[in-house]
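Visitor: Structure provided below as structure tokens; questions to follow.
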Amino acid sequence: MDNSGPKKTCCESVRDFFTSAKFLIYMGHALSTWGDRMWNFAVAVFLVELYGNSLLLTAVYGLVVAGSVLLLGAIIGDWVDKNPRLKVAQTSLLVQNSCVIVCGILLMVVFQFKEQLVELYNGWILTTCYILVISVANIANLASTATAITIQRDWVVVVAGQDSSTLADMNATVRIIDQLTNILAPMLVGQIMAFGSPFIGCGFIAGWNLCSMCVEYALLWTVYQKTPALSMKGGQKEQQQELKPLSPPKELENGQSPEEASQPLMIEASMVNPGAPKQRSCCYQASEPLRTLRAGWVAYYNQNIFFAGMSLSFLYMTVLGFDCITTGYAYTQGLNGSVLSLLMGASAVAGICGTVAFTWVRKKCGLIRTGLISGTAQLSCLILCVVSVFAPGSPLDLSVSPFQDIYSHLMGETVLPEAEHSLTSLLTAVNATTAAPAEELPPLQSYMSVSLLFAGVIAARIGLWSFDLTVTQLIQENVMESERGVINGVQNSMNYLLDLLHFIMVILAPNPEAFGLLVIISVSFVAMGHVMYFGFAFKSLGSRLFLCCSPEQKVEEVESPSLPTTV
């Protein structure tokens with residue numbers, strides 16, 4: 001009888017965990033991100049297949065997606081703020097998955113009847129299908145942005161309650177789920193497409209999103225029922241109530257724990273009752289999205305965590321990541337797909353280590369100092385990338401103009417044959433005009449340069465993901481509940497803006513000889529971002545910035561500036 005008690009208690013605790021709102025949030029997020037990663041990977045491949053193995057449609061899709069989030073991020077966030085949580089989550093979920101299903105069905109039709117569609121109306125029907133696919137896929141991405149803002153930036157905060165440590169653990173777990181799905185989901189859909197066909201791949205993704213949508217909808221409803229606080233949203237039902245901080249009120253006269261010392265910016269701001277609605281003209285109503293956009297950026301600028309958010313955005317202005325740019329450069333340096341896949345796996349492991357390190361360092365040193373430590377670690381690792389620019393084997397050649405390829409193509413000096421539209425032909429053509437032929441790549445002077453480059457990139461992921469989680473939690477904890485959506489929407493817009501700038505930078509200097517300059521520029525932007533964060537941390541902690549964390553430490557709370565409610 002004595003032995004049965006502890007065993008029953010253990011079973012109950014396990015059951016309680018798997019039925020808790022926190023675990024259901026993880027399950028819903030895993031299903032959502034799995035579908036997103038499969039679709040984001042597959043849609044690029046589908047568009048390449050559709051357009052004769054050309055990258056044109058993929059580039060157009062990427063530009064449309066980035067431009068849409070850049071322009072509409074604040075408006076999406078404002079919509080999230082002004083509507084009930086359950087309505088926002090359910091609407092964005094339905095729109096996102098429905099659009100992916102429609103795209104999947106449309107792509108299946110195009111793959112099945114492409115030859116017939118080419119002959120109809122001189123191919124205009126097929127062109128219309130391309131436009132529809134890109135447009136509907138863009139709507140799905142915007143809905144996915146709304147879902148991410150709603151669940152990851154708002155629901156997680158409410159489910160964590162008043163416990164800042166719980167919030168940090170949930171953020172880290174969510175990020176680990178992102179890392180794992182980012183590796184496994186593309187592998188799954190890639191195998192399906194490799195052993196099947198793009199037609200089967202489209203059908204699988206459409207079917208997955210249909211089933212996933214039903215399960216996610218049920219999970220959202222269950223989480224909402226288990227967390228009564230989700231039904232109360234600042235600025236809607238309890239407009240006169242004050243926002244509660246995540247941590248208990250600070251006793252400035254008494255000793256504090258490191259947990260309390262890490263929260264110097266918690267907000268206690270009373271909501272402002274909106275005035276009575278007035279009759280507006282048609283022109284005024286038509287211009288409301290522009291006013292919402294402006295109000296969102298003004299509110300973002302007035303946040304006391306503005307420089308922390310900007311510092312995170314500056315990290316997107318870099319070629320030092322595992323995207324198509326770095327992969328393409330690696331190919332020019334003689335690395336094959338097998339080696340790159342291993343490097344990507346190592347990068348994912350480093351990212352997971354960074355999320356785990358975040359929770360441990362935050363408990364020891366506090367949230368703001370965690371950002372300083374992770375930023376210093378990232379910059380220290382990126383020094384290896386700078387060294388790689390001047391190491392043996394580096395293709396850096398300052399005598400070659402970075403704009404040589406652009407000029408040559410504009411002047412017509414290099415013309416690709418019409419028949420060469422495959423990915424292999426494109427890579428061959430680029431190598432022929434910008435680097436040595438593929439068969440001459442292995443006998444490089446040395447692989448030291450590319451080895452140092454990827455060693456720095458992989459090691460820096462630990463600090464990068466820890467820093468990302470730090471800024472994410474700072475925004476969660478220090479933005480008023482009624483403005484979480486719009487502030488996170490603007491933050492997404494800033495991230496996309498700097499990401500677009502880094503692609504423009506590569507377009508202006510695409511040859512491998514100029515990649516070293518891009519590395520130096522990238523590290524400079526990362527350094528500027530961390531300098532911004534240092535300024536934010538110094539303003540927040542002042543003279544206590546470099547003091548050791550201890551329970552006796554006393555940190556003054558920084559008040560949040562008044563935020564504009566409307567324009």
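A Cβ is built for glycine as well, from the same backbone N, Cα and C atoms used for every other residue.
Pasting the relevant annotations from TrEMBL:
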- 55-80: transmembrane segment (TRANSMEM)
- 92-111: transmembrane segment (TRANSMEM)
- 123-143: transmembrane segment (TRANSMEM)
- 180-200: transmembrane segment (TRANSMEM)
- 235-259: region 'Disordered' (REGION)
- 305-331: transmembrane segment (TRANSMEM)
- 337-360: transmembrane segment (TRANSMEM)
- 372-391: transmembrane segment (TRANSMEM)
- 447-471: transmembrane segment (TRANSMEM)
- 515-536: transmembrane segment (TRANSMEM)
Visitor: Of the listed stretches 55-80, 92-111, 180-200, 337-360, 372-391, which one has the most C-beta pairs under 8 A with the transmembrane segment (305-331)?
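Guide: So the stretch in question is 337-360.
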Visitor: Counting Cβ pairs under 8 Å to the transmembrane segment (372-391), which of 55-80, 123-143, 180-200, 337-360 comes out on top?
Guide: 337-360
Visitor: What residues in the same chain, six or more past the boundaries of the transmembrane segment (337-360), come closer than 8 Å to it by Cβ-Cβ distance?
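Guide: 168-169, 171-172, 175-176, 179-180, 182-183, 322, 327, 330, 370, 374, 454, 457-459, 461-466, 469-470.
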Visitor: With a Cβ cut-off under 8 Å, give me the same-chain residues at least six positions beyond the ends of the transmembrane segment (55-80) that come close to it.
Guide: 43-44, 47-48, 88, 130, 134-135, 137-138, 141-142, 145-146, 149-150, 154, 289, 292-293, 295-297, 300, 423, 426, 484-493, 496-497, 499-500
